[in-house]
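Pulled from TrEMBL, these are the features on record:
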REGION    1-30  region 'Disordered'
TRANSMEM  97-119  transmembrane segment
TRANSMEM  131-153  transmembrane segment
TRANSMEM  255-276  transmembrane segment
TRANSMEM  291-313  transmembrane segment
TRANSMEM  325-346  transmembrane segment
TRANSMEM  358-381  transmembrane segment
TRANSMEM  423-442  transmembrane segment
TRANSMEM  448-469  transmembrane segment
TRANSMEM  481-502  transmembrane segment
TRANSMEM  508-529  transmembrane segment
TRANSMEM  536-558  transmembrane segment
DOMAIN    537-586  domain 'Cationic amino acid transporter C-terminal'
TRANSMEM  564-588  transmembrane segment
């Protein structure tokens, strides 16, 4: 059965699949025109929209910025548009070649190495102390809630855009752009941070006392940007080149390497507990609960690889089965592994003596196992290399879907006919991350990265609630009012708890009141009629788990320091400037193309 809903983009009726079934996509949906050179590069390839035809057209577009911005604020995409129409921008199809086995090891390879070897030492020494275990447990639980949300969307909208596409369908074009900017920022900063950590571990194998000896120090540059790292640039270029060569090849290399990592991690945990000293855990909370929550917000980085794996849905053979097994199963195991590794580290070495840059390799040297230092460093290097490879796959596919929507030039949406990978999109994130890695230190990168990630995960939980309980022009006015009032109540009470905690208030009355308000908002949504119920796999205990995910992400956001928010605001301001000057006009032109052409594409 199909329900007719009006399109917010063309004001023409579009077929909206009421049963949430996905259309079958064939190569002919993407590739039905004469083969063109993949590497062609002209103004038309970058800016094909009418607003950029010439200077006069652009001036006219700028004069209409207010109505166009209003149009984009109210616009929402459809599942059919994301799954079918936008894929035509890539000219060639991506290959369906992945199974649940590939996704599970991709998740393991991407996540394990993107944080545990990178920032555990930094946060254990500077904030949480031995309680870094609790920071990982708290972040892991919050990440698992986000995994549930991602999995439901990925099963029902198996497209390369991941959270960008999900937010565009449920929360609209403008919110999706904000997410897109943060996704690209997250991809660039995450890869840059891994590149810097890779070079630190490699240097520690040669000289454990000075992991910065391979970097070039420029005294005239500001702290945090004065250690130039050419090795990090080389590592990023090599890892991303492998990812561009083919998805299945990268997946095979990843799971072979990840299996080896699993054995080495088991060795680290066993040796750590053999040399465990309970005296190293005293004091357990050197900076109190505040230190635990601050670290939880930062070590969230360690769990973020799974969102890159979710972007592989377009290349998964059976998304409804493979994605839940691959994501939920792997993330549950990874959370346990992280907690055990953090406990082993703080039990081996006093937290004040942990090296913040190469914690595990230096820890083995401190207990007299110098030979194990090389084993741990090799494991860390391999783990970070697989994280870079899988992260490059995900980053390229995020960027591809963003380019398909014309929020960035559609030249980056192309899929290479031989490799089946988005080489242009991957090159974009590779070059930018290499530039950032060359200049920026790890502490500068990690805090900004956490803000981007937490914000997107919070928005995704909101989008899931919207998907279940609100359908435009279908949900009654009373239910709509109840839903949005309840949603704002959930977000407001979450901000209230965060504000109380950060202001130093520790009395129980304020927290009880805020919790009651949060419960009332969640209960208000739970009493409403669900317009969509997933037929294959869905988040359990809706709306309670998504509501809890919103609260935890807001709380972790509030635990970050003001410098992180300042850097985030500066980056967001640059994104908004680009959107007002370019993005809003490109997407407006695409949305208001010839209605008959749009209908033909949607019907196909």
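Note that Cβ sites are derived from N, Cα and C of the backbone, with glycine treated the same way.
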| request: Give residue numbers and ranges for long-range contacts of the transmembrane segment (448-469): same chain, 6 or more residues beyond its ends, CB-CB under 8 A. | output: 142-143, 145-146, 149-150, 152-153, 163, 166-167, 169-171, 175, 179, 182-183, 185-186, 189-190, 193, 297-298, 300-301, 304, 307, 475, 479, 483, 487, 491, 525, 528-533, 539, 542-543, 546-547, 549-550, 553-554, 556-557, 560, 564-565, 567-568, 571
| message | Pairs of Cβ atoms less than 8 Å apart decide it: which stretch in 97-119, 325-346, 564-588 has the most with the transmembrane segment (131-153)? | response | 325-346
| task | Report, as numbers and ranges, which residues of the same chain sit near the transmembrane segment (536-558): CB under 8 Å and 6 or more residues beyond its ends. | result | 138-139, 141-142, 145-146, 148-149, 151-152, 155-156, 293, 296-297, 300, 320, 323-324, 450-451, 454-455, 457-458, 461-462, 464-465, 468-469, 490-491, 493-495, 497-499, 501-502, 518, 521-522, 525-526, 530
| query | When you check the transmembrane segment (255-276) against the transmembrane segment (291-313), do you get at least 3 Cβ pairs under 8 Å, counting only pairs 6 or more apart in sequence? | reply | no
| field | Range from 97-119, 291-313, 358-381, 564-588 with the greatest count of C-beta pairs under 8 A to the transmembrane segment (325-346) | value | 97-119
| field | CB contact flag for the transmembrane segment (358-381) and the transmembrane segment (97-119), at least three pairs under 8 A | value | yes
| request: Write out how many residues of the domain 'Cationic amino acid transporter C-terminal' (537-586) are helix, how many strand and how many coil, based on DSSP. | output: 40 helix, 0 strand, 10 coil
| Long-range Cβ neighbours of the transmembrane segment (97-119) (under 8 Å; 6 or more residues past either end) | 190, 193-194, 197, 201, 247-248, 251, 254-255, 257-259, 261-262, 265, 298-299, 301-306, 308-309, 312, 315-318, 321-323, 325-327, 329-331, 333-334, 337-338, 341-342, 359-360, 379-380, 382-387, 389-391, 393-394, 420, 442, 446
| Other than its close neighbours in sequence, what residues sit by the transmembrane segment (508-529), given a CB gap under 8 Å and a spacing of at least six beyond its ends? | 465, 469, 479, 482-483, 485-490, 492-494, 496-497, 500, 543-544, 547, 551
| query | Who are the chain neighbours of the transmembrane segment (291-313) in space, where the CB to CB distance is under 8 Å and they lie at least 6 residues beyond its ends? | reply | 98, 103, 106-107, 109-111, 114-116, 118-120, 122-124, 127-129, 131-132, 134-136, 138-140, 142-143, 146-147, 150-151, 153-155, 157-163, 186, 190, 193, 247, 285, 319, 323, 326-327, 330-331, 334-335, 338, 387, 390-391, 393-395, 397-398, 401, 446-447, 449-450, 453-454, 456-457, 501, 555-557, 559-561
